[in-house]
Amino acid sequence: MNFPGMPGGAAPSGGAAPGGYDPNDPNIKMMQKAMESCFAKTVMSGGAGFALGGVFGMFMASMAYDTPYHSPTTPGTGPGANPAAAGIPGYKPVDLSSMPLKEQLKHGFKDMGQRSYSTAKNFAKVGALFSGIECGIEGLRAKNDLGNGVAAGCLTGAILAKNGGPQAAAVGCAGFAAFSAAIDAWMRMPSEED
């Protein structure tokens, strides 16, 4: 099927592949080389992590309002408010559900945006860190096997948990390495079609 502006028909023998794609074109080779660089992989993983984290954070924030643990908005909380006002006798917090609809929506969207952005930053950091480390390890070892993902997972987990001390870094290393090994092993399984 041909679409307007798209080349159609079969490729001549020995020439370009179907659709006008020539794998020997120097521009295509340059683009492939750029996309295979560690920098490009890290940036793409960080961007994909940011997008996925934003959607995930928005979804989780939308589910948080039906729990009794959600902190309601109170008068006097916000920029310039006195946090000690909660200890004043007679001070009663205003429940979110008793506010006007416009205020509820304003609070809900603001909270969703903050949570979504926070989750997006975290996913981007994890994705970029793991991808960059894995690509670096793959370049050093000159192999593409399960060991790269396990080592990258260990280093990523340890780096993310470094502020918790050496024990937290060891647990982070073990957890990320195990998760990475499980996902990588599943991704490398032969398909049912093979």
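For all residues, glycine too, the Cβ spot is worked out from N, Cα and C.
In Swiss-Prot this protein carries:
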COMPBIAS  1-18  compositional bias 'Gly residues'
DISULFID  CYS38-CYS135  disulfide bond
DISULFID  CYS154-CYS173  disulfide bond
REGION    1-24  region 'Disordered'
TRANSMEM  43-63  transmembrane segment
TRANSMEM  145-161  transmembrane segment
TRANSMEM  167-187  transmembrane segment
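Of all Cβ atoms in the shown protein chains, 15 besides its own fall within 10 Å of the Cβ of CYS38 (disulfide bond).
Geometry remark: CYS173 (disulfide bond) versus CYS135 (disulfide bond), CA distance 18 Å. Cα separation, CYS154 (disulfide bond) to CYS38 (disulfide bond), rounded: 19 Å. Residues 125-126, 129-130, 133-134, 137-138, 168-181, 183-185, 188 of the same chain lie 6+ residues outside the transmembrane segment (145-161) yet bring a C-beta within less than 8 angstroms of a C-beta in it. Under DSSP, CYS38 (disulfide bond) is assigned to a helix (H, G or I) in the three-state scheme. CYS154 (disulfide bond) is surrounded by 22 other CB atoms, counting those within 10 A of its CB over all protein chains shown. Counting every protein chain shown, the number of other Cβ atoms lying within 10 Å of the Cβ of CYS135 (disulfide bond) is 20.
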